[in-house]
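S.K.: If you scroll down you'll find the structure; I have some questions about it.
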């Protein structure tokens, strides 16, 4: 039985627990006010930032594996159904690298706090949400192409809806976030009070960020059922040095009729290690 379906579930739970746990810890430590802050604002100071960074890095690795398995799943389906190759092959290849780029952005956001390296943090945020939204659109389109071979129209509609939600609220995050920081007159954006200016835009931006992050998690969760029918074999490792040596021995060996032939070199197949 394959347990690959646990990967999307693990990513969903890990990210959700990390976001909520960091938010609660930041409030208890007095690092943010109970009003809704940005996710990264709640993870700006230690010890929250340490735990947040570690858990998010773990989640990025798992998410990268999900992206790769999804890519390989579509490749295998294209091998079985030639009509899918023309419609999904390029989209699938581009989606792989865009998905990896989004994973990198999430890791950058977690490890480069806004208070320390603001520019790098913002670049990571746009990689995370921007490329992530594009990746979701690609997967939504591919889901329609894959039906009826894999999945259902309902799941394709759900992914399309989540992609629309991500797009709308990502734009809201960017626009209202810029406006709120222009109007901000306080001392610490991590403790943003209504009297500091730009309060409404700040709240709209932070709420939109939470919606986008939650939508991301639910989108990854939609891969669960499709992963139930997948299995992954151990990778094959070839010791190329042994194979070259074996070919050299075969080429140079020339046994005479009076001598018994030398022992044949080991077959390259015997040098394959299954991990």
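Just so you know, glycine gets a Cβ as well, placed from its N, Cα and C.
What you are looking at is a predicted structure, and each value in this text was computed from that prediction instead of being measured.
Look at TrEMBL and you will find 4-229 tagged as domain 'CWH43-like N-terminal'. TrEMBL lists 252-275 with the feature region 'Disordered'. As annotated by TrEMBL, transmembrane segment applies to 12-39, 51-71, 119-146, 158-183.
Could you place the listed features in the three-dimensional structure?
M.R.: Listed as Cβ neighbours of the transmembrane segment (12-39) (distance under 8 Å, sequence separation of 6 or more from its ends, same chain) are residues 45, 47-48, 51-52, 55-56, 58-59, 62, 190-193, 203, 205-207, 209-210, 213-214, 216-218, 220-221.
Residues 40, 67, 70, 74, 77, 84, 87-88, 91-92, 94-95, 98-99, 101-102, 104-109, 112-113, 153, 155-156, 159-160, 162-163, 166-167, 170, 173, 212, 216, 219 of the same chain, all 6+ positions outside the transmembrane segment (119-146), place their C-beta atoms under 8 angstroms from a C-beta of that stretch.
The list of residues near the transmembrane segment (158-183) in space but at least 6 beyond its ends in sequence, with Cβ under 8 angstroms from a Cβ of it, reads 129-130, 132-133, 136-137, 139-140, 143, 189, 197-199, 201-202, 204-205, 208-209, 211-212, 215-216, 218-219, 222.
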